Amino acid sequence: MHTSSKAHPQLQARPQLQAHTRFPAQAQLPAHAGGDATGSPSGPSEEHVFQRLLANRIVFLGSAVEDAMANAICAKLLLLAADDPTADIYLYINSPGGSVSAGMAIYDTMQYVSNDVATVALGLAGSMAQVLLTAGAPGKRYALPRSQVLMHQPSGGIGGGSSDIAIQATQMLATKRLLQRLIALHSGQPAERIEADADRDRWFTAEQAREYGLVDHVLHRAGELTDGPAGGPAGGPAGGPPGGLVDVSARHDRVPRHGGPAPETRVARPA
């Protein structure tokens, strides 16, 4: 998905629904020439960085959501789950969104593994990437202070004969309703409010996203990560999480795996 234009994807025999974002071209994420399927830049030193991140149970979603990248993300989640089925996995997100089908593959894998998948927004979590951010383990969804979150309805090109157009339109409507239900499930907002708010582009600052229920915490400094993802060296002191941070898995019984933010982080909402 390209952020610099509103052009729809080329029609194919089996059109792929795309969740387009619409914001100025300068907000487009840089494309790294020769980067791998997960959006990491090429080169020995950069590749080593991403390998070290994976070794520390950190997965980085740093590009538009598309099939090859989604396959790589899913494979990493499955690998980390097989390596340790109880330790948290940390998914960092800086993405404008993209393919709904590719994003749903990541979403389903996040729910499939037994691990809690903590999510962290930096830069932009837009469209399908917003759904993935909000789908993180309750109580373990984070945003850096100047990150932005974009919620809106999916869009895509349709074509063909009248019967094909009707089928595709029905499928797009079903996809729209599915995404609205998922956002409502994980945010704690009523589905009717999600439908109304997502009808047009709805932008959130990090704090607004927290108040709305899309994330649980806004992080300003690494030292504040006493309740969340680490990102430090593997094997913290006394067998704790990376970097020796407080392991929230000890409170797993107090935090539901699905269905909105943790009780202690839920905010009062206007009637």
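The backbone N, Cα and C atoms fix where each Cβ goes, and this holds for glycine too.
What TrEMBL says about a protein is an automatic prediction, not a curated fact.
Here TrEMBL flags S127 as active site, nucleophile. The Cβ of S127 (active site, nucleophile) has 32 neighbouring Cβ atoms from other residues within 10 Å, across all protein chains displayed. DSSP gives S127 (active site, nucleophile) a coil state; it is part of no helix or strand.
Secondary structure at H152 (active site), as computed by DSSP, is coil. Here TrEMBL flags H152 as active site.
Taken from TrEMBL, the feature compositional bias 'Gly residues' applies to 229-243.
Per TrEMBL, the feature region 'Disordered' maps to 223-271.
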Practice task
Can you grab the distance from H152 (active site) over to S127 (active site, nucleophile)? Cα atoms, rounded to a whole Å.
Solution key: 6
